[in-house]
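What TrEMBL says about this protein:
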{"type": "TRANSMEM", "residues": "12-34", "note": "transmembrane segment"}
{"type": "TRANSMEM", "residues": "54-72", "note": "transmembrane segment"}
{"type": "DOMAIN", "residues": "128-231", "note": "domain 'Palmitoyltransferase DHHC'"}
{"type": "TRANSMEM", "residues": "152-178", "note": "transmembrane segment"}
{"type": "TRANSMEM", "residues": "190-213", "note": "transmembrane segment"}
Amino acid sequence: MAWNVFKFCTALRALGSIMIVLVLGIIGVTYYVIVVAKYGPALFYGGLDSFDAFLVLLLFHSLLVMLLWSYFTTVLTDPGGVPPNWRPSIDEESGDADPLVRLACDPLVRLAREDPDLDLNQSTMLGGRCILKMDHHCVWVVNCVGALNYKYFLLFLFYSFLVTTLVTSSLLPLFIAFFTVDEKNGTPEILVATFVTFVLNLSFALSILGFLIMHISLVFGNTTTIEAFQKKTNSKWHYDLGRRKNFEQVFGTDKRYWLIPAYSEEDLECMPVLQGFEYPTRPDWDELQQL
């Protein structure tokens, strides 16, 4: 009897919910250390200390708002599904034409697949449906990353890197003093929270930097994580339109919207959700487990 992969999906969904709580918990501890324990009180010290604290708090809150905005937009945005019985209007396998050149505003010609044996109707994600330009399923956002939320996911990584780098830099003097100064300032609880916050943010900053570099290279090549493992490296990637156009396919053509988790009205005209397609809903989990 074949193993039913969808029985494992329920556990992943539960894990994803825990991950959201974990993300908010890390943000909460970081906020306490930066705002309540360190730089909030420093506002009242006067002089240069107050000015430095004001700048750090202003930058921290600005980046934190963008991080949370990007994060929850990624979580709540459907990555984009394939309408029932849809088939490409161009034969991608034969290489007769470049679909993105002829149909630049039709993301449905682009699926996360390069394997000619892959059926469009088979499940390609956690939830039993195909995903447009699927990159991967991310437990941190309890969602698949695809055509409609890839930009938001990248911005989440970008602002997470900026916030963790800012926190790490701000707490570095305290971290060094923790090991070099005999007389510690602050209660044991604050010292422990500061130590843990520094280590966590440093770890996330380094790991997120690696993900950012990888995904930036994927964006400029107009490919995805799945496709990067499936495509042939010795042939020209037929979705590659040049770095600028590749970038605009993810972030849009309006520069004013590049750093915010939203699209301009002109860019939204190219989004499949506004082209009259009715996307299939997620199948019932009980039905999936009976497959």
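Even glycines carry a Cβ here, placed using N, Cα and C.
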(message) Using Cβ atoms and a strict cutoff of less than 8 Å, what residues sit near the transmembrane segment (54-72) while being 6 or more residues removed from its termini?
(response) 23, 27, 31, 34-35, 39-40, 43, 141, 152-153, 155-156, 158-160, 162-163, 166-167, 170, 259-261
(request) Go ahead and report the DSSP secondary structure tallies for the domain 'Palmitoyltransferase DHHC' (128-231): helix first, then strand, then coil. (result) 70 helix, 8 strand, 26 coil
(message) Below 8 angstroms Cβ to Cβ, which residues of this chain, lying six or more residues outside the transmembrane segment (190-213), approach it?
(response) 26, 29-30, 32-34, 37-38, 154, 157-158, 160-161, 163-165, 167-168, 171-172, 174-175, 178, 184
(message) Averaging the per-residue pLDDT over the domain 'Palmitoyltransferase DHHC' (128-231), what integer do you get?
(response) 88
